[in-house]
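J.: First the structure, then my questions, so here it is.
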Amino acid sequence: MGITGMIYIVTMVFSLIVLILSSSTVGYDYFQFTQQYQPAVCNSKPTPCKDPPDKLFTVHGLWPSNLNGPHPENCTNATVNPHRIKNIQAQLKIIWPNVLDRTNHVGFWNKQWIKHGSCGYPAIMNDTHYFQTVINMYITQKQNVSEILSKAKIEPLGIQRPLVHIENAIRNSTNNKKPKFKCQKNSGVTELVEVGLCSDGSLTQFRNCPHPPPGSPYLCPADVKY
């Protein structure tokens, strides 16, 4: 085989490697820091929560997301080693509980890491960095939705209230960036289930959350129960 043939083969192999790598990697534009209101989560499931919910917004997950096209998911099948997060498990159980089954927090964290966190590279380096990042955001950076609303005198009283009041309170703590809401109807009343705070792809500054498409559960009415 001549030099020309060797160059052709090397070029084809290199092109194939690039194609495989690019097809197996989905990038992301921004992050959603999603927090769920425990009582509404329990009301949304056909099987009741095993333990009474706290009247708090706690972490659902930190999700790398795209403005257009599919969001990246399941970028690894490697489960979380509980020993690697042993020193932060006490904090995680408080801010990131498995609301549906408090006997299996690790299972919930593992699902969030595999489905979402593993796709956050380079902003998220590994599983321990993923969980520590969430702790920093929720506690140190005070991206705790319950705390944000409480500072604005909006307490979880289980009453109907204007969604715009909730949005304005959150905007005041996120450099006036638009949050994302998810609602559900329960016994004819629309409950606020989730709030998402959006950040850029490097997790360094807030950004507006994209407007949800028509028919999305992320479209909430003017008044919601909280």
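Placement of Cβ uses the backbone N, Cα and C atoms for every residue, glycine included.
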J.: Considering the candidates Cys119, Cys183, Cys198, which is the cysteine that Swiss-Prot reports in a disulfide bond with Cys75?
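T.: Its disulfide partner, as Swiss-Prot records it, is Cys119.
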J.: Swiss-Prot has His60, Asn98, Val99, Phe108, Lys111, Gln112, Lys115, His116 down as binding RNA; which of Gln36, Gln141, Gln143 does it also list for that site?
T.: Gln36
J.: With reference to Swiss-Prot, specify which of the listed residues Cys49, Cys183, Cys198 is paired with Cys220 by a disulfide.
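T.: In Swiss-Prot, Cys220 forms its disulfide bond with Cys183.
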J.: Cα distance, Cys75 (disulfide bond) to Asn98 (RNA binding site), nearest Å?
T.: 22
J.: So how many other Cβ atoms are close to Asn98 (RNA binding site), meaning within 10 Å of its Cβ?
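T.: Summing over all protein chains shown, Asn98 (RNA binding site) has 19 other Cβ atoms within 10 Å.
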J.: According to DSSP, which of helix, strand or coil covers Cys49 (disulfide bond)?
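T.: Coil, per DSSP.
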J.: Using Cys183 (disulfide bond) as the reference point, find which of the binding-site residues Gln36, Phe108, Gln112, His116 has the shortest Cα-to-Cα distance to it.
T.: Gln36
J.: What is the maximum Cα to Cα distance, in Å and rounded to a whole number, among the residues Gln36, His60, Asn98, Val99, Phe108, Lys111, Gln112, Lys115, His116 annotated as binding RNA?
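T.: So the binding residues stretch over 19 Å, Cα to Cα.
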